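What follows is one structure encoded as structure tokens, with my remarks underneath.
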Amino acid sequence: SRQVKEQLIKHNIGQRIFGHYVLGLSQGSVSEILARPKPWNKLTVRGKEPFHKMKQFLSDEQNILALRSIQGRQRENPGQSLNRLFQEVPKRRNGSEGNITTRIRASETGSDEAIKSILEQAKRELQVQKTAEPAQPSSTSSSGTSDDAIRSILQQARREMEAQQAALDPALKPAPLSQADLAILSPKLIPSSPMSSVSSYPPLALSLKKPPTAPDTSASTLPNPPALKKESQDAPGLDLPGAAESAQGVLRHVKSELGRSGVWKDHWWSTVQPERKSAAPPEDAKSEEAGGTKEKGGGQGHGPIAASSRDPHHRRSTGRNGPALSPRTPQSSELSLTGASRSETPQNSPLPSSPIVPMSKPAKPSVPPLTPEQYEIYMYQEVDTIELTRQVKEKLAKNGICQRIFGEKVLGLSQGSVSDMLSRPKPWSKLTQKGREPFIRMQLWLNGELGQGVLPVQGQQQGPVLHSVTSLQDPLQQGCVSSESTPKTSASCSPAPESPMSSSESVKSLTELVQQPCPPIETSKDGKPPEPSDPPASDSQPATPLPLSGHSALSIQELVAMSPELDTYGITKRVKEVLTDNNLGQRLFGETILGLTQGSVSDLLSRPKPWHKLSLKGREPFVRMQLWLNDPNNVEKLMDMKRMEKKAYMKRRHSSVSDSQPCEPPSVGIDYSQGASPQPQHQLKKPRVVLAPEEKEALKRAYQQKPYPSPKTIEELATQLNLKTSTVINWFHNYRSRIRRELFIEEIQAGSQGQAGARHSPSARSSGAAPSSEGDSCDGVEAAEGPGAADAEESAPAAAAKSQGGPAEAAVAPEEREEAPRPAEKRSRRPRGPGPGPGRRGGGGPAPGAPAAPAAAARGPSRRPGARAKPRRRRRRRRRHARGGGRRYLSRPARGGPCRARDGAHRSSALPSTSAPAAARRPSSLQSLFGLPEAAGARDSRDNPLRKKKAANLNSIIHRLEKAASREEPIEWEF
């Protein structure tokens with residue numbers, strides 16, 4: 001088991017292939033045997049059989065080489081199931097070890113010497129089988145072994161085949177198999193046909209599938225029988241066991257293969273594609289057919305065919321094998337010419353073919369297998385997969401290669417697998433042998449040893465095709481050469497990326513692709529209902545990027561892949577300028593040009609990424625923008641779209657509004673320019689609800705009782721005030737929002753005042769720790785509370801109604817107005833005593849009022865312990881009240897604050913004698929808050945003006961809202 005595992009890993013042979021061809025077991029059974037082999041003495045007779053076969057397999061190097069060639073062809077034709085080989089013959093597992101090697105070697109690869117040795121071995125094994133036939137009665141045919149019957153069948157088949165070949169000779173002359181090779185090969189066919197031995201049927205299946213490459217579906221004859229006839233002539237000593245009946249069975253099988261291969265051949269010649277991997281089952285048959293493939297390139301030049309191509313004497317009978325001549329997986333039409341040069345005939349010559357025949361299913365990506373040498377270089381090295389994938393991604397982005405093409409041509413994986421592997425590579429040590437293969441391929445690709453002739457297909461291979469397309473399509477897209485390259489690559493890359501066409505065929509398909517989409521392109525791009533009114537624009541359309549979207553999505557992707565590096569910042573800047581200058585919206589631009597939403601367009605235009613950091617998908621919008629900028633008629637087309645949208649919108653709006661009230665054209669125009677939908681515009685036309693002062697008072701009193709009224713309360717209020725329920729709900733919502741805004745303004749102002757006072761108080765710098773806590777507890781709170789009172793008083797004329805809700809409010813209001821400057825006065829008095837510390841918010845400024853100092857000093861020590869916790873509690877309480885209700889919030893100035901209560905008589909006596917700055921006594925709340933010019937300093941210069949501006953702006957907005965709300969007549973908002 002260990003030796004077998006080593007050989008399988010060394011030659012990159014899968015356990016599934018090994019199990020099918022050598023052990024006759026499933027992959028799971030093989031894995032179990034190799035991973036956990038039982039001791040010999042514990043095995044049954046049947047359990048020992050796989051080990052006998054493995055020993056026989058290891059005894060000859062040719063077995064390993066043959067199995068490796070089968071594995072290589074299986075990788076080249078991944079769509080083919082291995083079970084296809086086992087359909088024609090019943091499967092059994094009791095073949096002798098000699099037969100195991102037979103079936104492996106039947107599909108051997110290698111040089112001429114290897115092929116000859118295989119053929120000689122086949123002769124010997126046929127003789128062994130012939131002698132063993134009496135022991136296998138089931139394998140002998142009951143019809144007798146008449147050579148004459150078989151020869152007559154073979155001669156008839158030969159005549160039919162020569163007639164077919166004569167019809168194809170002008171167009172095809174690939175190298176046929178030599179008669180000698182066919183003669184040597186064919187003994188395997190007839191004897192193994194009647195035999196049910198599994199060991200010999202793969203040669204039968206393979207060699208039967210070899211010739212069915214005749215292109216004509218109607219010609220249902222077999223190319224093989226001539227070879228069989230020659231064999232029967234060349235090896236007369238062999239007693240052919242197959243009777244007429246078995247030979248007829250062989251003929252029937254081969255005819256069915258011929259029918260399928262004829263269909264495939266028509267398709268192959270219709271697209272002139274030499275790639276075998278894209279062919280359906282008959283194609284797989286050809287890849288399985290031959291004696292072997294070359295090992296070195298991991299390619300698929302089969303033994304007899306390769307030999308025939310080297311021997312000029314062989315160029316005769318199997319003209320249908322043309323495509324099989326290319327020794328490795330053909331990746332482009334140039335490789336088909338390689339095969340053609342061997343056959344001395346151009347393969348691009350026109351042939352009667354039916355391009356209608358579709359492929360049975362899309363071909364899976366397939367790549368040539370890696371050679372053992374390539375495996376050995378990297379398999380046992382430690383590879384940094386993260387760095388490797390990073391380099392691969394960079395190279396893909398630099399060369400504009402899509403992951404799909406890279407996966408199909410280099411890794412043999414789907415786009416999803418490639419994306420997953422490149423984004424989340426596993427560590428090398430955690431990868432299985434199969435998991436390491438893609439990374440080995442990536443490394444070889446980076447080193448230029450793999451796939452270099454494949455990837456340029458995307459941008460360079462079809463250069464002549466591009467020129468022919470542009471010459472054919474000069475009326476189309478004359479302004480933008482790059483857009484002409486789009487259909488080119490889409491034709492080669494998108495429909496059948498793994499099968500590039502010849503230039504003549506692709507030009508034909510490209511002209512169709514380029515000519516057809518142009519008229520419908522505008523419609524598909526616009527995607528708007530009023531598009532039919534825009535046919536004249538489609539004449540001027542060709543130079544715009546809009547037609548690009550009319551092609552397949554891949555066409556723009558391929559254009560992106562070939563695009564040179566673009567200045568994304570410059571492109572977005574120009575686009576923004578054009579849109580702004582012409583009053584075009586981003587939504588219209590995004591939907592019409594880029595196929596994106598307004599949000600995506602805004603993001604692209606405001607924060608464009610550098611080109612090299614963008615994926616292919618991310619580059620697409622910038623390519624579209626560039627093409628749009630290059631179009632001289634770009635603005636006119638967008639303006640037309642805008643006008644059509646406007647007309648459609650007005651029609652919809654008119655139909656929706658006509659029932660209730662007529663819409664006025666000017667207002668509709670304004671609504672459209674704002675880009676709003678019909679429903680919001682309809683709501684904006686409703687008359688504005690204006691509440692009477694009595695209604696406002698009643699609602700405010702209700703708010704003080706319950707800021708969040710229940711539905712029942714709302715209904716009662718609406719009934720009492722004769723208002724709509726929705727009006728009452730909206731009033732409560734708006735009033736709560738106003739309270740929150742005022743609290744926000746107060747916090748901003750309090751913070752700016754505290755910072756200004758703390759930074760510039762001379763005594764603050766020399767104050768001690770204990771007095772600073774006292775100052776913080778007192779001034780900090782009042783500085784936060786006093787301004788709120790003044791601001792609420794000044795900014796809202798009806799603010800007093802918020803707090804008291806009764807007669808008391810008249811008595812409280814004057815007191816509040818007088819208290820507005822108190823924070824400034826307190827700040828001016830306090831610092832004589834121990835003032836707040838330098839970093840405190842509630843510091844004071846230099847001012848008269850010396851008597852305040854001793855009192856502050858006396859108060860300080862007794863209040864120090866709880867000084868810090870109280871302001872925090874108060875702030876939390878204040879936020880709760882701001883959310884829950886405005887009653888206590890607005891009555892806060894009346895109760896004064898904790899410090900005012902503690903100051904006692906000293907505070908009340910100091911107030912009248914204090915001469916505060918004149919600015920602090922002004923009615924304007926802003927001036928009372930920010931009226932101390934000496935409070936501004938160098939360190940505060942950066943953030944204080946910004947805070948002032950914010951507060952002033954919010955104050956002015958609220959003031960205007962209050963003024964507008966207090967008016968009787970309905971007016972529009974003015975900002």
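Here the Cβ of each residue, glycine as well, is placed from N, Cα and C on the backbone.
Remember, it's a predicted structure, so these values are computed and weren't measured experimentally.
Quick look at what Swiss-Prot lists:
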- 90-113: region 'Disordered' (REGION)
- 113-169: coiled coil (COILED)
- 126-148: region 'Disordered' (REGION)
- S207: phosphoserine (MOD_RES)
- 209-246: region 'Disordered' (REGION)
- K229: SUMO2 cross-link (CROSSLNK)
- K255: SUMO2 cross-link (CROSSLNK)
- 262-297: compositional bias 'Basic and acidic residues' (COMPBIAS)
- 262-369: region 'Disordered' (REGION)
- K286: SUMO2 cross-link (CROSSLNK)
- S349: phosphoserine (MOD_RES)
- 476-549: region 'Disordered' (REGION)
- S499: phosphoserine (MOD_RES)
- S509: phosphoserine (MOD_RES)
- 652-687: region 'Disordered' (REGION)
- S710: phosphoserine (MOD_RES)
- K724: SUMO2 cross-link (CROSSLNK)
- 752-949: region 'Disordered' (REGION)
- S777: phosphoserine (MOD_RES)
- 838-847: compositional bias 'Gly residues' (COMPBIAS)
- 861-890: compositional bias 'Basic residues' (COMPBIAS)
- S925: phosphoserine (MOD_RES)
- 937-946: compositional bias 'Basic and acidic residues' (COMPBIAS)
- S956: phosphoserine (MOD_RES)
- S966: phosphoserine (MOD_RES)
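On the structure: features taken from Swiss-Prot.
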{"residue": "S710", "record": "phosphoserine", "Cβ within 10 Å": "9"}
{"residue": "K724", "record": "SUMO2 cross-link", "Cβ within 10 Å": "11"}
{"residue": "S956", "record": "phosphoserine", "Cβ within 10 Å": "13"}
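S956 (phosphoserine) falls within a helix when secondary structure is assigned with DSSP. S710 (phosphoserine) sits 15 Å from K724 (SUMO2 cross-link), taking the Cα positions as reference.
Taken together, the residues in the coiled coil (113-169) have a mean pLDDT of 65 on the 0 to 100 scale.
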